[in-house]
Amino acid sequence: MTSKDETPDQEVYAFNADISQLLSLIINAFYSNKEIFLRELISNASDALEKIRYEAIKDPKQIEDQPDYYIRLYADKNNNTLTIEDSGIGMTKADLVNNLGTIAKSGTRAFMEALQAGSDMSMIGQFGVGFYSAYLVADKVTVVSKNNADDQYVWESTASGHFTVKKDDSHEPLKRGTRLILHLKEDQTEYLEERRLKELVKKHSEFISFPISLSVEKTQETEVTDDEAELDEDKKPEEEKPKDDKVEDVTDEKVTDVTDEEEKKEEKKKKKRKVTNVTREWEMLNKQKPIWMRLPSEVTNEEYAAFYKNLTNDWEDHLAVKHFSVEGQLEFKALLFVPRRAPFDMFESRKKKNNIKLYVRRVFIMDDCEELIPEWLSFVKGVVDSEDLPLNISRETLQQNKILKVIRKNLVKKCLELFNELTEKKEDFKKFYEQFSKNLKLGIHEDNANRSKIAELLRFETTKSGDELVSLKEYVDRMKSDQKYVYYITGESKQSVASSPFLETLRARDYEVLYMTDPIDEYAVQQIKEFEGKKLKCCTKEGLDLDEGEDEKKSFEALKEEMEPLCKHIKEVLHDKVEKVVCGTRFTDSPCALVTSEFGWSANMERIMKAQALRDSSITSYMLSKKIMEINPRHSIMKELKTRAANDKTDKTVKDLVWLLYDTALLTSGFNLDEPTQFGNRIYRMIKLGLSLDDEEHVEEDSSMPPLDEPVVDSKMEEVD
């Protein structure tokens, strides 16, 4: 029920009950994100301009009086008011009464319920009541509006339960449109500052289709001489000027006695001073246009570069760009950029998870929506502008929104397309891979749906590539006809893996081996079971499974049987340090090495996990499976050791040699020593043996060293206060 009290000047109306309750909530509750009021009011102004533009298409006469489309902001610090004016369609008297007070929108009650349930205040526009966000910062709102079909009217309210509407004869006339005057609360004067208003427009409304201008003060200093002051003196009334009869009697000769030189001196004596002039002018705030709304063929590289720098504040140009639109059941446009270099804090846990700004119909919504793009693509920067998402959708709703999931899927697809396009430009892809290879490998680990596509982008150095990087496809294409697996080795550096004993037989067979020296490779390769039908095989783990001829197999079986006693003896000496000791075929020059089980950690992975400060000790103990010592039965050291062990199993030298072989194998296989001191002592004993020195001989004490002083019982040092 609407009550109306008429006076000669104005008509007073009561707010609808739901609107009164909403205003009470807005005014009395505390909201930290009050800044959204400006976004809502600018969005409303933009909607009004869209309406008149649509009307003008049907009837051009609608914009005859005011052909310009604009949104203007004016901050008046003297009167503590912020004015938002637009040249939109405007409102009639009936519109002011109905839309701003007496007829509750269908979403009013729903929004209040959501607000009371703890939802974000920024949702207000979703329910069609964005205008009332003005009361977040204002205790009084004046709306002056002029529609082509009516006179100019003014609506005013302090949100105290009623509002007034009257024909306007006190404000500056509008040709068409609406002027909102916000009388700001005492604690909200920050919204009168030019810097703050510019910041909010850039953040929320930079890509509104219509020009947004702010009235700004411009200060200009100019230099003037004292002539102006003298001119002022001349303008004084005659009676104020001193009269002197003698001066009047001076002859013309005395006046003309002033020479040109004296005139010049007088000119020099004139003092100059600076005068400050303060003027106001309109400064356009949204000069950067939403270039994603244009066709990619219409946008130049220079425009993309300028937009990228404005969007990201990057001082360098982007490396690659993808500009596309999706149409059909779902409509959105997107512009994605790949930077030239990775940020130094890219993998910081507290860092923002993505750099994609989400817009709904050119209005900024948020830039921290973690569901918009997966974490492994967090380096990609850009904008997504949806036509289908509701304006000001809450974060909670956004996470469950089906539209967002479709957008995410399309963004990942387009990013992969962009990366594949980069592979065609060798130098650009090389720069990209240097900066973002870790992200791709993280994608292998996390993105099951796109794993095979990401794997195509991976590049590695190999035993045959020199300093060049090789893709998995290139590797598979040049595999030997008898090669069953894609072989790889993991390690700390290229230098360490290139000299690994595990490569000896593979090199002898002319098999290419991938070098995986990035710590994240260990995680990624666990997820890549095969590539183009070829399984990946780590050459530091058991089960290398090399094809051998019948003669080779028989020869190896004979050697294996011959070395069986030595294998047992080594196992007895090392006890639980190794799970078993076996003969192997993976070495040509090395006597032995330590391999791990097929499903356990490699030496490199063990090193990485031990470096984790917050690792799970239970998982560590489980995954640290016992090592397998694999010996080369054809090596001379092993043959001699077999002979000596057969002659005397208690020989201390043999035992020392076994331990020395084990410790050396730890190092050459990429593990850390369990007991470095013991290893050092064994080396020293071997040195003594080589020098024919007595192992039991002790180091002589240095007789030149003075004896130790007797311990001082009573300290003679002065006590320090």
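Each Cβ is built from the backbone N, Cα and C atoms, and glycine gets one as well.
Feature annotation from Swiss-Prot assigns ATP binding site to N44, D86, K105, F131, R395; the stated evidence is similarity to another entry. Among the features that Swiss-Prot reports, compositional bias 'Acidic residues' is placed at 223-232. Look at Swiss-Prot and you will find 233-257 tagged as compositional bias 'Basic and acidic residues'. Sequence annotations record features per position, and here Swiss-Prot assigns region 'Disordered' to 219-273, 697-721. The motif 'TPR repeat-binding' annotation in Swiss-Prot covers 717-721.
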Quiz item: Here are some binding-site residues: D86, F131. Which one has the most Cβ atoms within 10 Å of its Cβ?
Solution: D86
Quiz item: Tell me, what is the mean pLDDT of the motif 'TPR repeat-binding' (717-721)?
Solution: 46
Quiz item: Taking DSSP three-state, what's D86 (ATP binding site) in: helix, strand or coil?
Solution: strand
Quiz item: According to DSSP, does N44 (ATP binding site) fall in a helix, a strand, or coil?
Solution: helix
Self-check item: Neighbourhood of N44 (ATP binding site) by C-beta distance under 8 A, where only residues 6 or more apart in the same chain count
Solution: G130, F131
Quiz item: Once the DSSP letters are reduced so that anything not helix or strand counts as coil, what is F131 (ATP binding site)?
Solution: helix
